[in-house]
Amino acid sequence: TLRDPRGFAVKFYTREGNFDLVGNNFPVFFIRDGMKFPDMVHALKPNPKSHIQENWRILDFFSHHPESLHMFSFLFDDVGVPLNYRHMDGSGVHTFTLVNREGKATYVKFHWRPTCGVKCLLEDEAVTVGGNNHSHGTQDL
């Protein structure tokens, strides 16, 4: 129930090997430079000693990475805390180049839409749900 991206992967088992499409619940991503990923994760996750999410760490990260402001607006919007994985949109993190039989390349980004609709928790609901079961989203699956 924390206000952070809900990440996931869709795994394909093929004759050529396994392949994962990685996504999260926002249509944009925080960073463009993969080297900043660990800093972003540490800013969003709870303090490992207190187990409390510290807003100053989130704001500090965003203030030093202006390219992340678009995702910041999603994070603190009503869609910032999805009810569970079944009720959230999904967007691929990466853009892929698909090549058809004629050799023509097309850039694509994958999106997943829930058949049961998008539902999110308001701040007070998130606190209540998180207090009762911190892994309710995973348990719901």
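Glycine residues also receive a Cβ, built from the backbone N, Cα and C atoms like all the rest.
Because TrEMBL annotations are produced automatically, they should be read as predictions rather than curated entries.
For reference, TrEMBL has these:
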- 1-141: domain 'Catalase core' (DOMAIN)
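Note on the domain 'Catalase core' (1-141): its mean pLDDT in the predicted model is 89.
For the domain 'Catalase core' (1-141), DSSP puts the residue distribution at 52 helix, 31 strand, 58 coil.
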